[in-house]
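Annotation source TrEMBL lists domain 'Orn/DAP/Arg decarboxylase 2 C-terminal' at 32-372. What TrEMBL lists as N6-(pyridoxal phosphate)lysine is Lys63. The feature pyridoxal 5'-phosphate binding site is assigned by TrEMBL to Gly242, Glu276, Pro277, Gly278, Arg279, Tyr374. Under the heading active site, proton donor, TrEMBL lists Cys345.
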Amino acid sequence: MKNIESQNIPKLDGNFDKDLLQKAAKDFGTPLYVYDLDRIQERYAQMKAAFGGRKTMICYALKANSNLSVIKKLASLESGADCVSLGEIQRAILAGIPKYKIIYSGVGKQAFEIQEALRIGILFINVESKEEMLLVESCAQELGVPARISIRVNPDIDPQTHPYISTGLKENKFGVSIEEAKGMYLLAHHSKYLEPIGIHFHIGSQLTKLKPIAESARKIAQLAHSLLALKIEIKFFDIGGGIGITYSDETTINPYDYAQAILEELRGLDLTIICEPGRFIVGNSGVFLTKVLYQKMHQNKRFVIVDGAMNDLIRPSFYDAYHQIVPLNTESQELSSADVVGPICESGDYLGKNISLPSLQNGEVLAVLSAGAYGFSMASNYNSRPRCAEVAVENGAIRLVRKRECIEDLIVLEKDYL
Ligand code: LLP
């Protein structure tokens with residue numbers, strides 16, 4: 001047992017204060033996601049400002065958090081959208097992102113999805129293989145409109161992040177090699193139905209080192225130079241997303257250094273930079289609230305059983321990711337190590353392992369920090385658990401932005417088939 005004062009007690013991220021979170025939990029119940037829209041605005045502004053006067057478009061990666069109110073907030077700040085499905089494109093449009101600021105990425109797009117994207121008239125489709133490019137061409141031909149495309153190039157650089165979220169190595173499924181890309185650009189250049197206007201790379205997520213990003217940008221910039229020399233008039237240099245955030249004590253990349261490193265590699269290239277941050281914008285802007293149900297000791301091991309589970313926040317179970325967990329009522333001074341576990345029938349169902357916590361009361365609310373990215377967007381109905389509610393805080397006011405699912409929502413698509 002240690003004295004709480006001597007510990008590095010995590011601060012609540014964003015502008016959240018404990019009273020506000022207590023109120024959110026009381027008014028909307030738990031488990032619950034809470035997003036700080038003011039913080040989201042700040043993070044967006046930081047990224048935008050980092051690129052200064054340079055022609056830049058921030059295309060927020062919806063996969064990190066696709067709540068409509070979050071996207072709407074970003075739309076109001078003039079963000080574009082990086083989407084990976086028709087569902088995300090629909091969300092972007094519904095939330096007010098103009099179609100000419102939407103890009104469509106992903107390795108497995110099908111004809112009906114490509115046709116719909118072309119019909120909508122989004123900015124461009126990021127193609128990830130020659131076969132996909134040929135499918136885009138035939139879809140465009142059918143519709144009688146040329147398709148604007150960008151090619152995702154795999155720079156074969158180790159991003160030095162978790163292997164599950166590393167995407168820029170040749171053994172990863174993403175993009176095509178520089179050599180293959182050259183051939184594809186030439187093909188596209190001579191096609192009546194393809195308009196190659198961009199070049200794209202994205203090497204991974206939760207990146208905390210600048211060097212691999214700069215090296216990738218250098219390789220891709222060289223390719224861009226050679227394309228322009230061939231009169232292939234690309235206009236967009238899409239650097240993907242991936243900037244990491246602090247979950248624990250990670251040193252992260254400063255957006256300004258990030259922008260400088262990219263701009264350095266782009267000297268002599270008059271291209272609009274597209275940047276696709278997800279986690280950087282929303283990660284530290286959200287917390288997940290969960291209530292203590294029971295507590296028990298197994299031998300010497302302390303378990304805190306809460307009402308939130310891996311279906312709500314899968315990152316700890318899936319990536320062994322660490323999220324700080326803070327009790328909202330820290331009157332107790334004694335700390336001991338505990339596993340914070342959910343009600344799901346799996347040993348891997350935990351929100352935190354060996355977390356230092358004071359003694360807790362059942363019913364007390366814990367805040368799981370930095371849960372704004374890849375939290376709700378990766379939530380499932382495993383164990384037939386309704387997905388939790390989401391609320392947003394803006395100018396000190398809290399409002400519901402997604403209501404809690406109910407059992408009826410879970411069975412509605414099946415019950416007529418009994
Ligand atoms: N652009 C592309 C092409 C991507 O694949 C991704 C993320 C992003 C942008 C946004 O990356 P961010 O800025 O958020 O790092 N579920 C994992 C993260 C998967 C990221 C997938 N791609 C996690 O919870 O850590």
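Just so it is clear, glycine is given a Cβ too, placed from its N, Cα and C backbone atoms.
Taking the features listed in TrEMBL, we show where each one sits on the structure.
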| residue | record | DSSP (3 states) |
| --- | --- | --- |
| Lys63 | N6-(pyridoxal phosphate)lysine | helix |
| Gly242 | pyridoxal 5'-phosphate binding site | coil |
| Glu276 | pyridoxal 5'-phosphate binding site | coil |
| Cys345 | active site, proton donor | coil |
| Tyr374 | pyridoxal 5'-phosphate binding site | coil |
What is the interatomic distance between the Cα atoms of Lys63 (N6-(pyridoxal phosphate)lysine) and Pro277 (pyridoxal 5'-phosphate binding site), given in whole Å?
10
Cβ-Cβ distance under 8 Å to the residue listed as 'active site, proton donor', same chain, at least six residues away:
Asn383
Based on a Cβ-to-ligand 1 distance below 6 Å, what subset of the recorded positions Glu276, Arg279, Cys345, Tyr374 would you report?
Glu276, Arg279, Tyr374
Please state how far apart, in Å and to a whole number, the two most distant Cα atoms are among Gly242, Glu276, Pro277, Gly278, Arg279, Tyr374, the recorded pyridoxal 5'-phosphate-binding residues.
15
Around the pyridoxal 5'-phosphate site formed by Gly242, Glu276, Pro277, Gly278, Arg279, Tyr374, list the extra residues of the same chain whose Cβ is within 8 Å of the site's Cβ centroid.
Ala61, Lys63, Ala64, Ser205, Gly241, Ile243, Phe280, Ile281, Gly283, Ala373
Applying a 10 Å Cβ distance cut-off over all chains shown, what neighbour count does Glu276 (pyridoxal 5'-phosphate binding site) have?
26
Highest Cβ count within 10 Å among the recorded positions Lys63, Arg279: which residue is it?
Arg279
Determine the most Cβ-crowded residue among the binding-site residues Gly242, Pro277, Gly278, using a 10 Å radius around each Cβ and all protein chains in the structure.
Gly242
By a simple count, how many Cβ atoms lie within 10 Å of the Cβ of Tyr374 (pyridoxal 5'-phosphate binding site), its own Cβ left out?
24
